[in-house]
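Annotated features, as they stand in Swiss-Prot:
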{"type": "BINDING", "residues": "Cys57, His459, Cys467, Cys469", "note": "Zn(2+) 1 binding site"}
{"type": "CARBOHYD", "residues": "Asn88", "note": "N-linked glycosylation site"}
{"type": "CARBOHYD", "residues": "Asn128", "note": "N-linked glycosylation site"}
{"type": "CARBOHYD", "residues": "Asn179", "note": "N-linked glycosylation site"}
{"type": "CARBOHYD", "residues": "Asn218", "note": "N-linked glycosylation site"}
{"type": "CARBOHYD", "residues": "Asn357", "note": "N-linked glycosylation site"}
{"type": "CARBOHYD", "residues": "Asn365", "note": "N-linked glycosylation site"}
{"type": "CARBOHYD", "residues": "Asn382", "note": "N-linked glycosylation site"}
{"type": "CARBOHYD", "residues": "Asn387", "note": "N-linked glycosylation site"}
{"type": "TOPO_DOM", "residues": "2-17", "note": "topological domain 'Extracellular'"}
{"type": "TOPO_DOM", "residues": "34-58", "note": "topological domain 'Cytoplasmic'"}
{"type": "TOPO_DOM", "residues": "59-424", "note": "topological domain 'Extracellular'"}
{"type": "TOPO_DOM", "residues": "446-485", "note": "topological domain 'Cytoplasmic'"}
{"type": "TRANSMEM", "residues": "18-33", "note": "transmembrane segment"}
{"type": "TRANSMEM", "residues": "425-445", "note": "transmembrane segment"}
Amino acid sequence: MGQLISFFGEIPTILQEALNIALIAVSIIATIKGVVNVWKSGLIQLLMFVMLAGRSCSVQIGHHLELEHIILNSSSILPFTPTLCKLNKTYFLVRGPFQAHWGVDLAIGSTTVAVENATKTYTLKSKNFTGCFEGNPDPDSAALLVTWLFNSLHHDYKNDPSILCERVSGENSFRFQINISEPEYCEKILSRMANLFGSFENYCLNNRHIKKLIIIRNLTWSQQCHENHMSAMQLITSNIHTQVVRARRILSFFTWSLSDAVGNDMPGGYCLEKWMLIASQLKCFGNTAVAKCNLNHDSEFCDMLRLFDFNRKAIETLQNKTRSQLNIAINAINSLISDNLLMKNRVKELMDIPFCNYTKFWYVNHTKLNHHSLPRCWLVKNGSYLNESEFRNDWLLESDHLISEILSREYEERQGRTPLSLVDVCFWSTLFYTASIFLHLIRIPTHRHIVGEGCPKPHRLRADSTCACGLYKQKRRPLKWVRSN
C-alpha cells in the first residue's frame, strides 16, 4: 500500500520528464523537417551556385560517383621509333629512331632542287637507295627511315612519277624530290600525309603554281616541334602491311600480369606509374576494369597500356640499333595496336568530327568503394577537348554500367559466403509462408454446428447431427460448417 502511494506521488515528476523528452523529440523533428524544406526550396543550391560559378566544374554523377580523368605522358611511349610532327600546312618533320639527334623535313612547294640526269642525282625506280647516303654517319637508319616514309605514302615505284635523290657533297646531307604535279598522284600523296601528320590545307588545289614538289632533306634535330605519338603509331601500322598479310587481328598472347609501381605482382589491380602520367604521381585501376582489355580490343586506353608495358621491356633489350631488331619491335608493337581504331580516329580528325588523340581519358570513379570503369578516350574537336556536357549521355551510361558491375560483384561475393542449403531453407520457408497467407485468406471451416444452436465443442458432430457420446441424439437436424476463431 505504501509503494502505491509513493508511485502516485512521483507521477508529476515523471510527467515533467516525459514532457521534456517530447519537447526534445518535437524540436529535432521540426529542425530536420525545416532543413529539408529549405533544401527543397532551392535557396542552398542557389547560394552554392553563386559561390562556385566560374570556380568549380567537378562533375558528380550520383551518390559516391564522380567523373574523373587522367592524362597520359605520350612522350614516353615510343622513344625507339621514328616520331612525326607538323610545323605548318607545308612544312613537316620526322625524327630518326631511338631518339636520334637527326631527322628529315618535308617541305611542300614549287622550287626545284634536283634535276634528272645531273651529277650526284639518282632516279629511284626501286627501294634501292645505294648512293643516296654516301658519307652519312648512320646510313642504315637513314635508309630505314626514308623507306618507312615512302611506304607510308604508298608510293609505287613502277607506276608513279620517279623520285629524285641527290647527295650534297661535303655536307653529309641528302635530298629527295617528289614531283606531285599530276592531280591524282598529288591527291594520293597528300591524303597519306594527312593520315600521318594530321589535317592540313590541300596544296593540290593551289593553282598559283603549275609545278608542285615535295622536298625531303636531312637535318639536325633540336626539338623544332612537339612530336605526335598518334602520328608515330600511324607510321608503324602503315608500314606493317608491307611485311604481313593486310587482314589481321590483335595478338591475344598479351594478357595482363597485374603489378604495382615497382613491378611486384598485385592481384588487386594495375597501377600507372609516374612516368606514364602527367600531373599525377600514381593511379591504380582494379582488376575488373583492366581485365576488360583481355576480352575486347576496342579501347584506345588498352592500346596505350599495351604500349606502356611493351615500352618498359623494349628499352632494356633494344640497345643495339640494328635494322632487324627495329623491325622486330615494329612487328611486336603493331600486334598490340588496333589499327582500325587508329584509322577511325584519324579519319574523324580529317572530317572535323570529335576524335581520340590517345592522351586524355575519362572514367567513372566510385569514391566510397574505389571502383573504376575502364577509361575511355576524351575526344578532341577543333584542337580542344570536349566539355563534359557534350558527352553527358556517355558518362551517365558508363555510371549505370559501373553500378551494375558493383551490384553483380557484391551478389556473387554474397553468394559465395552463403551456404546453398541455407538458401534452400530460406526459399522453401518463404514459399511456405506465402502459401499460408492464401490458406488464411480462404478461411477453411473446422467443425459442424447445428443451425440455431451454439458451438457443440468439445463434441464433434457426425453428418447425421449426432455425436459419439450420445449428447446429441436427434438425427437429420440441419448442420453448417463453421471456422474456429
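Cβ coordinates are placed from backbone N, Cα and C, and glycine is handled just like the others.
Shown on the structure are the features that Swiss-Prot records.
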residue : record                      : Cβ contacts under 8 Å, 6 or more apart
Asn88   : N-linked glycosylation site : Phe200
Asn128  : N-linked glycosylation site : none
Asn179  : N-linked glycosylation site : Pro161, Ser162, Leu164, Lys211, Lys212, Leu213
Asn218  : N-linked glycosylation site : Trp102, Gly103, Val104, Asn136, Ala142, Ser173, Phe174
Asn357  : N-linked glycosylation site : Met230, Asn345, Cys377, Val380
Asn365  : N-linked glycosylation site : Leu65, Glu66, Leu67, Glu68, His371, His372, Ser373
Asn387  : N-linked glycosylation site : none
His459  : Zn(2+) 1 binding site       : Cys467, Cys469, Leu471, Tyr472
For the transmembrane segment (425-445), could you work out the same-chain residues 6 or more beyond its ends whose Cβ comes under 8 Å from its Cβ atoms?
481-483
So among the binding-site residues Cys467, Cys469, who's got the most Cβ atoms within 10 Å?
Cys467
Cβ proximity for Asn382 (N-linked glycosylation site), under 8 A, sequence spacing 6+, ordered by residue number, returns Asp352
DSSP-wise, what's the residue breakdown of the topological domain 'Cytoplasmic' (446-485) into helix, strand and coil?
0 helix, 8 strand, 32 coil
